[in-house]
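Here the structure is laid out as C-alpha cells; the discussion comes afterwards.
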Amino acid sequence: MMEKSKPNVVFVLGGPGSGKGTQCANIVRDFGWVHLSAGDLLRQEQQSGSKDGEMIATMIKNGEIVPSIVTVKLLKNAIDANQGKNFLVDGFPRNEENNNSWEENMKDFVDTKFVLFFDCPEEVMTQRLLKRGESSGRSDDNIESIKKRFNTFNVQTKLVIDHYNKFDKVKIIPANRDVNEVYNDVENLFKSMGF
C-alpha cells in the first residue's frame, strides 16, 4: 500500500495589516488550499465558551501570544478535518516557542514547505489597520493593540523568519503595493513550486 503523502503547509507571516488574509483568500480561490488563520481559530475557540476560551480572550486583548500547545492543537484539529488538502497557516508561528511546539507535534503529519513573508513598512500597516478597525469590530484594531502587535512581530516573529532563512525556506513578497501586483508575485511563486 502506498504511503499517503503528507499535506503541504506554508506559513504565511507578515506584520499585522500586511495583507496576509487578503492574499490567502486568493490562493484558496486559485489553488484550492485551505486557509487556517491561527487568530481566527483562537477567536472561534474563545467564543465556544471552553476553558481555554477565557484565557485566550484575555491574552488576545492584551496583545500577548497564546500558549503554543493550545494553538498547535487547534491547527492540528483543523488539518485532520480537511484530509487530502494543502494548508496556508496564517499568523503562526509567532515566536520560537510556537515554532518548536509545531516541529515537535507536527513534523510527522505535515510537510512544512516554506514561509511566505509579506514585507511591509509599519506606517502603511498602521493606516490599513486603523481603516479596518472602523468596520471590523476586532478588539485588537486600535492604536494601543496595534503597537503591541508590531512589537511582538518585530521582537519575536522576525526570529522565526530568521530561523527558516537559514534553511533557505523564506519567500519574501514586498507588500507595500497594489493588492493585485502583490498577488501576481504570489501566484507566480506557487506555480513555480509546482502547486
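Using the three backbone atoms N, Cα and C, a Cβ is placed for every residue, glycine included.
As written in Swiss-Prot, here are the features:
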- Gly17, Ser18, Gly19, Lys20, Gly21, Thr22, Arg132, Arg177: ATP binding site (BINDING)
- Arg43, Glu64, Ile65, Val66, Gly91, Phe92, Pro93, Arg94, Arg138, Arg149: ribonucleoside 5'-phosphate binding site (BINDING)
- Asn98: CMP binding site (BINDING)
- 37-66: region 'NMP' (REGION)
- 131-141: region 'LID' (REGION)
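Here the features listed in Swiss-Prot are painted onto the structure.
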residue	record	contacts (Cβ under 8 Å, 6+ apart)
Gly17	ATP binding site	Cys120, Val124, Met125, Thr126, Gln127, Arg128, Leu129, Arg132, Ile146
Lys20	ATP binding site	Val12, Leu13, Gly14, Asp90, Gly91, Phe118
Thr22	ATP binding site	Val179
Arg43	ribonucleoside 5'-phosphate binding site	Ile56, Ile60
Ile65	ribonucleoside 5'-phosphate binding site	Met59, Arg94, Asn95, Glu97, Asn98, Thr152, Gln156
Pro93	ribonucleoside 5'-phosphate binding site	Phe11, Ser68, Asn99, Ser101, Trp102, Thr157, Val160
Arg138	ribonucleoside 5'-phosphate binding site	Arg132
Arg177	ATP binding site	none
For a quick check of understanding: given the listed ATP-binding residues Gly17, Ser18, Gly19, Lys20, Gly21, Thr22, Arg132, Arg177, what is the maximum Cα-Cα distance in angstrom, as an integer?
17
Same chain only, sequence gap of 6 or more: which residues have a CB within under 8 Å of the CB of Ser18 (ATP binding site)?
Phe118, Asp119, Cys120, Met125, Ala175
Could you work out which of the binding-site residues (Gly19, Gly21, Gly91) has its C-beta surrounded by the smallest number of other C-beta atoms within 10 A?
Gly21
Sort the residues of the region 'LID' (131-141) into helix, strand and coil with DSSP and give the three counts.
6 helix, 0 strand, 5 coil
Quick one: of Asn98, Arg132, which of the binding-site residues has the smallest count of other CB atoms within 10 A?
Arg132
Please give the average pLDDT for the region 'NMP' (37-66) in this predicted model.
88
Reported in the order helix, strand, coil, what are the DSSP residue counts of the region 'NMP' (37-66)?
21 helix, 1 strand, 8 coil
